[in-house]
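Q: Okay, so TrEMBL annotates it like this:
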- B:96-305: domain 'ABC transmembrane type-1' (DOMAIN)
- B:9-30: transmembrane segment (TRANSMEM)
- B:100-123: transmembrane segment (TRANSMEM)
- B:135-160: transmembrane segment (TRANSMEM)
- B:186-205: transmembrane segment (TRANSMEM)
- B:244-266: transmembrane segment (TRANSMEM)
- B:286-312: transmembrane segment (TRANSMEM)
Amino acid sequence: MNETEIHGMVAEVKEGKLSRRGFMQRLAAFGVAAPTAWHILDFHGVAQAQSLTAYKPTKAGGGGPLKILLWQAPTLLNPHFAIGTKDQEGSRVFYEPLAGWDNEGNLVPFLAAEIPSRENGSVSADGLSVTWKLKPNVKWHDGKPFTADDCLFTAAYAADAATAATTIGTYKDIKVEKIDDLTIKITFPKPTPFWADAFVGAAGMILPKHVFEPFKGAASRDAPANLKPVGTSAYKFIDFKPGDILRGERNPDYHIPNQPFFDTVEVKGGGDAVSAARAVIQTGEFDYAWNMQVEDEILLRMERGGRGKAIPVSSGNIEFIMLNTTDPWTEVDGERSSVKTKHPTLTDPAVRKAINLLIDRDSVQKFIYGRGGKATANFVNAPPRYVSPNMKYEFSIDKANKILDDAGWVRGADGIRAKDGKKLKFVYQTSINAPRQKNQAIVKQAAQRAGIDIELKSVTASVFFSSDVANPDTYSKFYCDIQMYTTTMLQPDPERFMLQLVSWEIANKENKWQGRNISRYSSKEADEAFQEAQNSLDPARRTALFIKMNDIFCGENILVPVLARTRMAASSNNLVVQPSGWDLDLWMLNAWFRP
Amino acid sequence: MGTYLVRRLLIALPSLLGISVVLFTVLALAPGDPFEEMATNPNIPPEVRLALRAKFGIDDPVYIRYIRWLTAMLQGDWGFSFASRVNVDTLILQRLPATIFVIGSSQILALAIALPVGIYAATRPYSIFDQIANTFAFIGFSLPTFFTGLLFILVFSIWLDWLPFVFRTDIDATGWRWYWEQIRQAIMPVMVLGLFQAASYTRYVRSAVLDVIRLDFVTTARAKGLGEKTVVVRHVVRNALIPVVTLVALQMPTVFGGAIVTEQIFRIPGIGSLLISAILANDTPVIMAVTFVFACLVVTFNLIADVLYGWLDPRIAFR
């Protein structure tokens with residue numbers, strides 16, 4: 001499906017020849033996901049469909065307690081300081097953004113009166129500004145009214161470098177103005193096609209100005225409210241013990257009628273994923289648990305005759321292998337894997353292609369991850385609109401052998417191929433994690449049959465993912481031939497995700513290996529595509545550009561995708577939750593209920 | 001006695017200082033970063049991570065950080081957790097009740113089993129009772145608590161569905177029901193730890209009693225025509241318990257330090273699980289404080305045991 005076809009279909013929707021639903025379905029047939037389809041229609045000014053939640057109860061309260069188990073427990077409750085999703089989830093029990101993302105990628109209003117769109121004029125045609133109308137009569141838990149000032153404050157608070165907010169990236173470049181008490185206008189420094197970032201989703205939770213004002217900037221970490229939140233959500237704060245338990249009670253003044261259903265909510269932490277799954281699925285002691293990093297086989301066994309079920313939710317996370325094209329074994333100007341060097345063997349495209357053919361993704365999915373992942377040939381796997389149709393994966397030892405034969409790599413007496421005295425011997429590193437080690441073993445075995453010798457290395461996760469400049473084993477230093485990890489995509493827009501593929505983000509000694517491009521591979525074409533996509537207001541064009549970047553890196557076998565990961569949650573059979581792969585697990589806690 | 005105490009104290013202080021230096025250096029040299037989760041998240045700019053490191057002083061040289069820590073500690077400031085910005089002493093105090101309740105109960109259970117069984121077995125060595133008790137004791141201390149813990153969960157929570165296996169500090173009940181729930185959730189962890197302890201205590205009590213029971217003064221007591229019961233309780237047990245008391249005193253730090261594995265399995269929010277989660281999060285101030293408190297307890301109870309020894313048995317002179 002190309003740009004012209006999509007534009008033709010958008011025109012049909014506009015003329016009423018094609019229904020919104022029909023449009024989504026047709027795009028779905030081409031593998032374009034609903035969020036994307038929504039975005040395309042929205043861009044062309046076609047009204048947004050009302051997102052429906054299947055909330056049945058006719059009055060608030062009466063549901064008793066809701067018990068949630070987050071085995072990685074929240075340690076603080078300020079969403080703008082969240083280290084990892086555990087803190088965001090904990091904060092989301094009390095705070096709300098203007099809007100959140102549902103599972104289909106539609107924006108659902110929370111503190112916004114309506115979702116801005118091109119049609120109602122609140123998203124400017126030049127892509128430079130967006131105007132949000134706020135919901136009237138919303139009260140903070142302490143009774144003070146929620147107004148535009150709170151939004152302005154939150155943006156200024158997060159953008160202040162001294163605050164050291166983890167959401168600074170979202171707010172530092174935008175300008176937020178107050179039009180009136182219930183209207184704000186966000187101005188972007190350049191045309192911004194993805195305007196739904198600030199005040200939306202996990203990074204968008206709004207803080208009360210009257211509580212946090214004295215704690216902006218350097219004093220930010222001293223605010224008592226970092227541990228005792230005052231929000232606008234369906235549940236009011238009762239008690240919090242970091243790393244252990246978090247409790248809230250029903251907010252009788254909640255701004256959505258008839259919600260929430262449960263009288264109290266409790267988020268308990270500690271333990272591990274397997275026993276959390278057990279407490280929900282097998283014994284029913286808890287109602288919901290998240291982040292089930294458990295082998296699917298174990299989950300399936302628990303589900304048999306249990307009281308709960310596992311819920312897979314698609315996400316943009318990708319488990320992938322990276323092939324180093326720089327030389328990790330030679331030091332140049334105090335750094336290994338320097339862009340000034342070339343890898344002795346991995347720079348040969350034939351070798352990289354052969355390695356790609358030696359990865360048995362289907363087996364990895366079937367025997368290791370189960371419902372937890374889906375084999376893929378693409379780096380970008382969601383939302384479906386951004387997924388390249390051009391990449392295919394295959395597992396074939398014969399083909400790999402043939403490619404290497406043709407390229408002149410000859411097997412030596414030890415069975416290892418070599419050319420010009422250079423042997424195909426690689427070190428393959430990843431973090432310590434049972435599925436990853438199994439994956440390594442599968443790859444090593446297949447490689448052996450193609451005359452490639454792979455030495456396996458596993459680094460403890462706390463080292464591998466650390467930013468310790470002194471440690472040579474971090475993933476961002478990549479002092480190795482091959483490595484594997486998961487990178488996360490938290491927004492239904494790949495712009496930020498794609499920073500991993502541009503040349504100015506290359507991790508090196510100069511930026512203390514803080515750059516996002518760990519592969520160190522760069523392509524002028526990819527750089528240009530990224531810059532154009534950043535400014536392209538036409539979603540179809542933007543999609544094409546991101547797909548192009550994906551195809552450059554995957555086609556060159558620099559990034560060798562393995563699995564698109566799904567988020568797994570566990571829920572008791574008699575609980576209706578509102579899962580979404582594009583927002584937090586607890587993004588719509590207000591609408592959970594028991595039928 | 002006075003000089004003995006002073007001397008012991010003078011040895012204890014430098015050893016605590018030495019322990020703190022070693023702990024701090026090891027932690028500082030250990031790899032890892034409290035903000036590592038930010039690394040793979042493309043939505044968080046790396047500057048934030050660097051700013052936070054600078055803000056919390058992680059980038060300073062080790063000796064400066066140590067001196068800063070020591071001066072603060074001497075003024076009673078234990079520092080704050082990097083992860084939650086909560087003061088470490090608050091965190092520890094939050095966790096202490098659960099630890100003392102569970103581990104304390106298990107110690108009591110262990111003694112309640114070990115004393116009668118050990119004494120009875122020793123008075124009838126190689127009888128059937130003794131052999132059974134010995135067998136169970138051997139099984140008991142060769143099975144690690146993480147294994148028995150999982151076994152208990154499997155049997156009592158999953159198959160029989162009698163007991164909850166998630167320990168909760170916020171029981172939603174009042175009056176008798178509260179106590180009942182509290183006991184119900186503590187049964188499994190207390191049993192797991194108690195039985196493990198009981199097994200080793202039993203062996204210890206048995207051999208201590210066996211040592212004493214053949215001594216001359218016991219024979220003399222019997223020859224005076226005292227009843228067997230009186231002989232055992234008055235003369236044997238009293239003397240045999242001296243080493244047992246010392247053993248129990250030395251076990252006291254564990255009561256406060258928590259049982260790391262068991263707390264993790266049953267999700268008891270105690271000191272042990274605080275230490276584990278702090279280690280996983282590379283939350284250095286918390287790790288430092290918890291391990292240091294633990295070191296202090298060990299040193300203190302060693303001191304108490306030394307004094308106790310001298311008081312119980314003056315033959316151990318205060319030289």
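The backbone N, Cα and C atoms fix where each Cβ goes, and this holds for glycine too.
I'm curious about the neighbourhood of these features; can you describe it?
A: For the transmembrane segment (B:9-30), the list of distant contacts is 62, 65-66, 69-70, 73, 282, 284, 287-288, 291-292, 295-296, 299-300, 303: same-chain residues at least six beyond its ends, Cβ to Cβ under 8 Å.
Counting same-chain residues at least six beyond the ends of the transmembrane segment (B:135-160), those with a Cβ under 8 angstroms from any Cβ of the stretch are 188-189, 191-193, 195-196, 198-200, 202-203, 259, 261-262, 265-266.
Residues 101-103, 105-111, 113-115, 117-119, 121-122, 133-134, 136-141, 143, 145, 148-149, 152-153, 156-157, 163, 165, 167, 240, 243-244, 247-248, 251, 259, 262-263, 265-266, 268 of the same chain lie 6+ residues outside the transmembrane segment (B:186-205) yet bring a C-beta within less than 8 angstroms of a C-beta in it.
Residues 1, 4-5, 8-9, 12, 15-16, 19-20, 23-24, 27, 69, 73, 78-79, 81, 83, 88-89, 91-92, 242, 245-246, 249-250, 252-253, 256-257, 271, 274-275, 278-279, 318 of the same chain lie 6 or more positions beyond the ends of the transmembrane segment (B:286-312) yet place their CB under 8 Å from a CB of it.
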Q: State the non-local partners of the transmembrane segment (B:100-123) in its own chain: residues 6+ outside its ends, Cβ under 8 Å from one of its Cβ atoms.
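A: For the transmembrane segment (B:100-123), the list is 129-130, 133-134, 167, 186, 189-198, 201-210, 213, 228, 232, 236-237, 240, 248, 251, 254-256, 258-259, 262-263, 268, 270.
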